[in-house]
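Following: one structure in structure tokens, then a few remarks.
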Amino acid sequence: MGINHKMSFCIPRISLSALLVCFISGIILTCQYYPFGNVFRNVEEITTVIPYGFFFRRLHYASGQLFVILMLIHIVDHFMKRRYKGFSVGKWAGLVIPLIICFFILFTGYILKGDKEGIYAGNIFYNILKEIPVAGETITRFVIRPGEMFFWLPYLYHVFFLPILLIFLIRDHINNWFSQAGFLLFTTAGLFIYSLLVRMPMDIPPHAKIELVKGPWFFLGIQVCLGVLPPIVAGIAAPLIFFAILLLLPGLKGHLQKAVHYGIIFLSLFYTFLVIFGYFFIKHSWVLSR
């Protein structure tokens, strides 16, 4: 078995094992999390006061990040090997849409920290959604609201709606990916060791006076674009167009499919550059250009 085949075989199984660890640790944290009032204090109490709270926060964070990163690698593997050519648009969407959902789960989790970064991320998300013509105000009522309900809707999406939708979409893969218990044991052991030894990024108190506040790593490219483009373009139109093209790729034929394939590679590399630039060189907090 070649190394590429081994990676294609192992990555989705390790990824799903990480998802199970993420679910279990998340359920434990949910018992102590309260999405109203001083959420930052609540999270700090979970981390410093509740027995083993720090461990389960680290475990939840690490397993969630691992799942999404490995799922991203899995889709890139399919894309680069042009396996989408043998897929229908619907079957290909069954791979791409769960990844999009995963990024939203990570983003809502980022908001639920209740620290300065989480609050900034939530406010920017709220303001971007408001920019949607005609339906913006209506959409925000179902996604995120200012005031006392600020964390409530992200909490519902993070804990209930999005995980249930994710499991529904990947249900056909679960039996195959869980066929060998060794992957679950290996992944769980690795995540436990990591969570005991490696600290999470530090939470920033909501009222701390700092000049630089950044979003989650996968949104740094959008954060960079928000400084130079209208919010509706940087935060809504550009991502929607990219994922729409990616989803429709199997339905294209001949030279058009080939051109779109390389166009997606170029755009992905460009966004990766923006993420790296945002991580190392950005000198301002989340801002809107308009």
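One is the number of the first residue shown, and numbering goes on along the chain from there.
Note: Cβ is positioned from N, Cα and C throughout, glycine not excepted.
Per TrEMBL, these features apply:
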type	residues	note
DOMAIN	1-195	domain 'Cytochrome b/b6 N-terminal region profile'
TRANSMEM	14-35	transmembrane segment
TRANSMEM	61-80	transmembrane segment
TRANSMEM	92-112	transmembrane segment
TRANSMEM	149-170	transmembrane segment
TRANSMEM	177-197	transmembrane segment
TRANSMEM	217-248	transmembrane segment
TRANSMEM	260-282	transmembrane segment
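Within the same chain, the transmembrane segment (177-197) packs against the transmembrane segment (14-35): three or more Cβ pairs sit under 8 Å, each pair at least 6 residues apart. The highest tally of CB pairs under 8 A with the transmembrane segment (61-80), across 14-35, 92-112, 149-170, 217-248, 260-282, is held by 14-35. With a cut-off of 8 Å between Cβ atoms, the residues of this chain six or more beyond the transmembrane segment (92-112) that come close are 33, 35, 39, 43, 64-65, 67-68, 71-72, 74-75, 78, 84, 118-119, 121-122, 125, 144, 151, 154-155, 157-158, 162-163, 165-166, 169-170, 172, 215-216, 218-219, 243, 246-247, 249-250.
Panel annotation: around the transmembrane segment (260-282), residues 79, 82, 212, 214, 217-218, 220-221, 223-225, 242, 245-246, 249, 252 of the same chain, lying at least six beyond its termini, place a Cβ under 8 Å from a Cβ of the stretch.
Mean pLDDT, taken over the domain 'Cytochrome b/b6 N-terminal region profile' (1-195), works out to 92 on the 0 to 100 scale.
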